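Below: one structure, written as structure tokens.
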Amino acid sequence: MGTAVDASAAVAEEVTENMLGGKKITVVFVLGGPGSGKGTQCINIVEHFGFTHLSAGDLLRAEIKSGSENGTMIDNMIKEGKIVPSEVTIKLLKEAMIKSENDKFLIDGFPRNEENRAAFENVTKISPAFVLFFDCAEEEMERRLLGRNQGRVDDNIETIRKRFKVFLESSLPVIEYYSSKDKVKKIDAAKPIPEVFEDVKAIFAPYAPKVGCPTDDRKFGRIFMFYIATP
């Protein structure tokens, strides 16, 4: 698997006038291969740092379950290991952010390629504060996926390997792009979950809610979580 340059600059919240009616927000992209454990760590970040978790994959699966024509198209593409068109995913993410009362978001599993990245920034006018990259060997990710038994249609060996191929060919260029801007925070995701979260906590320390603050926004992270099953 490719490598990414660790960002050394201090974490700083980036806010901008955007397509959310001027609502100022902080966005962190969460990337990693299928089975890297990023979904599990997103739950921990929500609980401890008050972010709202928006899983691109789960938003897409929710659309599939809705039975819409759009959902059928998404279902067929996922089964074939293809990437869903940017405009579809961006629309779902936009709707989720508008519904939320929070202003800090983890966008999990998106952008998946350079076209996704450019479209998101061009349409939303949002640039991520940083990218949290969960780096893990394919053998370990495959073992985790085959062992989780969540009943997902894409949890079979053939589709899993297609997803690995798509990630390597499409998502790593996104990580390299943000690395060139010193915006990648790389995590060794092969370690046990508690150890991984210790590394995550060090990165998110600047976002820790102030103790005793009556407006502690961790409540928003718990209430406005737009996912169905942890990816």
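Keep in mind that glycine also has a Cβ here, set from the backbone N, Cα and C atoms.
For Lys38 (ATP binding site), the count of additional Cβ atoms within 10 Å of its Cβ stands at 27 [all protein chains shown]. Summarising the annotation, TrEMBL assigns ATP binding site to Gly35, Ser36, Gly37, Lys38, Gly39, Thr40, Arg148, Lys191.
Ile83 (ribonucleoside 5'-phosphate binding site) counts 17 other C-beta atoms within 10 Å of its own C-beta, drawing on all protein chains shown. Per TrEMBL, the feature ribonucleoside 5'-phosphate binding site maps to Arg61, Lys82, Ile83, Val84, Gly109, Phe110, Pro111, Arg112, Arg152, Arg163.
Residues annotated as CMP binding site in TrEMBL: Asn116. Long-range neighbours of Asn116 (CMP binding site) (same chain, six or more residues apart, CB within less than 8 Å of its CB): Ile83, Ser86, Thr89, Phe110, Val174.
For the pair Thr40 (ATP binding site) and Gly109 (ribonucleoside 5'-phosphate binding site), the C-alpha distance works out to 13 angstrom. Note on Gly35 (ATP binding site): other Cβ atoms within 10 Å of its Cβ, all shown chains, come to 25. Least packed by the Cβ count within 10 Å, out of the binding-site residues Gly37, Gly39, Gly109, Pro111, is Gly39. Closest to Gly39 (ATP binding site) in space, going by CA atoms and restricting to the binding-site residues Arg61, Gly109, Pro111, is Gly109.
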